[in-house]
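Colleague: Residues annotated as transmembrane segment in TrEMBL: B:24-43, B:55-73, B:80-97, B:103-123, B:130-150, B:170-193, B:226-248, B:260-291, B:303-326.
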Amino acid sequence: MAVEDDHVLISLTGITKEFPGVKALENVSLDVRKGEVLALVGENGAGKSTLIKILSGLYHKDNGEIRVRGKSVEIQDARHAQELGISTIFQEPTLAPHLTAVENVYLGREIYHSYFGGTVKILNEKEMYQETEKLYRNFFSTVEDLKRPVIELGALKNRVIEIAKALSVKASVVIMDEPTAALAEHEREVLFDFIRALKEQGVSVIYVSHHLKELFLLADRFHVMRDGKHIATVSADETDIDQLVSMMVGREISNFIAKETVPIGEESLRVIGLNQPGVLKNINFHIKKGEIVGIAGLAGSGRTETVRAVVGADRISSGAVEVDGKPFRIQSPRDAIRAGIGLLPENRKLHGALIEMSVSNNITLASIKRVLSKKFVLKKKAELDIASDYVQRLGIKTPTVHQKVRFLSGGNQQKVILAKWLFTKPKVLIFDEPTIGIDVGAKVEVYNLMAEFVRGGGGILMVSSDLPELMGLSDRIYVMHKGEFVHEFSRDEATEENIMYYASGGHQ
Amino acid sequence: MENKGLETVYRENNFRFSLKIDRYLLGLFIVLGAIIVVMSFLSANFLTHTNLLNVLQQASFVMILAFGMTFVLSTGGIDLSVGSICGICGGMAAWLLNKDVNVAIAIAAALLLGVIIGAVNGLTITKLNLSPFMATLAMMIILRGILYVWTGAIPFRSYMTSSFQFLGSGRIFGVQFPVIVAIVLLVVLLILYRKMKFGRHILALGSSEEAVRISGIKVDMLRIKVYALSGLIAAAAGVLLASRLATVNPEMGKGYELEAIAAAIIGGTALTGGKGTLVGTALGAIILFMIKNAMNLKNVNPYWETIVIGFIILLAVAVPILAGYIKGRVKNS
């Protein structure tokens, strides 16, 4: 790691960043050379996002050194990073939708005509247009739609505008976080051509992506991260997908998950040909009574979208759902409840529980009719009895059933949501990230409750980014990639390596 | 290929949307023309020089407030305190004049007060993280209360000087001074809104706060400036009104905030931010007051006025949505 080497534009040494309870980055080092595409790869939570946020000035490092062109710097904020020549294109679009391409490129750095000794500054639209046009000709050899609001343009053009914006500040390093996320296949190729053009002009690119296959078309070197640590940096011609995957995963499977064998019964839920344009493509799967079925996939592969579509929370363009072998029209979560399907969403505080309401109110929420007398009046006593019963059975730790859910721990919130669904007498429960943000002890309790549910003849569909958890609990695992189910594993076939292989598009 | 199809649909939708904005302004002119034509048949007094100038003069105060409101709405915010600022700043000018303070100083003090109140609005919104609705609602009520206490519920009177009187009742080439102020303000604010950095950043802020933040623009400062501008403009309207009415009663400007919002919305400014038009706002205010004037001429019970105005606002908001919906239906079928 020769810092004096003038081919090295940025060099990080020993970067550490801690958040309360989590070590997001531990002693990470990285070099960016002039005119290269450096791919930053790793599983969800490996620390890639934290690293690029430090480089773009959104987070401050706790420890370590950043050198830009050999000079040690402390990156203060986004503007300072830009002044150092580092521009970032985030995964989420960051253009103002009602402004035009030119207006967006120059947002915050407008060019003026000055009048009255600089007291009145009128925007110099012409020069901004010409400069943007020049930039486009230079890098993209195409100029169009510079004067239309960007909301009217497609995903690819929006990406190109963001790149133009990044370049217009004279960036020598452009960081791109999943730039192809919203793009169609042929658009990706266009974008890759643009990125190669940047390289030729001596601009370096730090490219963050899950799609290993794609990266081999572009990257010069791979920087592999795992659990906040730098694992290895390898040249693209000296490695392959298999090696990268094993470096990205390389963990011991935790052994606190004890899978119970439960007799598998009749088919309970079948989903046929689910489609949602641009998001989900021909999703087919089934769950039998007593089965836990897992969905694996990387962030953005369409896992949450799948479960939301199944319970009618999002619209689908085509597809059918069968419950116990009979077709069931599901157009809203209300239909799903009637069909006997419950969803425990990933974001418990936002979508799962009413955190400002009491434990008892939350438990009876989805089947309130069952605690009404004469259809209108709440039977307070009955509601409290039912709630107390569930609190006891599920071991929910709360002082009383009147406690607001907000004050419970993550694990107990999850149990309250589970109690709510159990009270609807469901046939199938869908868990989206069942133990995210829950400590280890409570995790085991949640696993036990899931096992109890399938023992009683229920079926479970679970989405989890925690591969050991997914593999430890599931009877079968479907792998998603870009909105499709690309592979199905039986419990015995599934390993972290081959799940990651399919999840990152290695099969294509 | 499926993605491609999606993109085309998306594009068509939005193309339609951008056309609609232009059509919307055109529509406003047509509505205005229609009211004038119909009323000229219904009442001989309507299409007279005097009456039309009167409508403009009546509309000018709300129109001025609505210009400031257009800026605020463009950021995705709202300023409910403009009516109260109008009252209290008019009161400030009147009180100082009554104490024999120089006219220029009295006006400057009133305008400064407006800027300060607006800046306080901006500060509570950005630093205390209150929603614009709550922050300015509280400010509206507090200021109105202060004005009651200050006046002791007895209107300020006998502050008029001949030069101050010109502001509200003077004429240049036969046109009332408040109308002239409204026109000059329209031109100046149009430049600020369309041709300068400030307006560009405001529209960007209403369009996507994240985009503005990432572009290194100081979002909090921008917001504070917008509310300060709204306060300044409201204060100007208050000074004009104090001159026009020759008394400042503690109810002055009450309800103007809603009329200003109505004018901006009828004019085609979106409550969600990112889009706005000052010309539309001016037309909105004129249409609002022309309808009031028409009903007045036809001796319609003034209580009906409120009901009709309510329906017009409903219509103004519903028409673009319905138009889009009907077109969407045709396309889908």
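Counting starts with 1 at the first residue shown.
Placement of Cβ uses the backbone N, Cα and C atoms for every residue, glycine included.
Automated prediction, rather than curation, is the source of TrEMBL annotations.
In the displayed structure, how are the listed features positioned relative to their neighbours?
Modeller: Counting residues 6+ beyond its ends, the transmembrane segment (B:24-43) has Cβ neighbours under 8 Å at 266-268, 277, 279-280, 283-284, 286-287, 290-291, 294, 297-298, 319-320 in the same chain.
Note on the transmembrane segment (B:55-73): residues 79, 82-83, 86, 132, 175-176, 178-179, 181-182, 185-186, 189, 193, 199, 202, 206, 226-227, 229-234, 236-237, 240-241, 244, 256-257, 259-261, 263-264, 267, 269-271, 273, 276-278, 281-282, 284-286, 288-290, 292-293 of its chain, located 6 or more positions outside it, place their CB under 8 angstroms from a CB of the stretch.
Within the chain, the transmembrane segment (B:103-123) has long-range Cβ neighbours (under 8 A, six or more residues past its boundaries) at 79, 81, 85, 88-90, 92-93, 96-97, 132, 135-136, 139, 143, 161, 163-164, 223-236, 238-239.
Sequence-distant neighbours of the transmembrane segment (B:130-150) (same chain, 6+ residues past either end, Cβ-Cβ under 8 Å): 72, 77-81, 83-85, 87-88, 91, 95, 117, 120-121, 124, 227, 250, 252, 254, 257.
Within the chain carrying the transmembrane segment (B:170-193), a Cβ under 8 angstroms from the stretch's Cβ atoms is held by residues 53, 56-57, 59-61, 63-64, 67, 70-71, 74, 199, 202, 233, 236, 240, 244, 276, 278-279, 282, all 6 or more beyond its ends.
A Cβ distance under 8 Å defines the sequence-distant neighbours of the transmembrane segment (B:260-291), meaning residues of its chain 6+ beyond its ends; these are 21, 24-25, 28-29, 31-32, 35-36, 39, 55-56, 58-59, 62-63, 65-71, 73-78, 82-83, 182, 186, 189-190, 193, 203, 205-208, 305, 308-309, 312-313, 316-317, 320.
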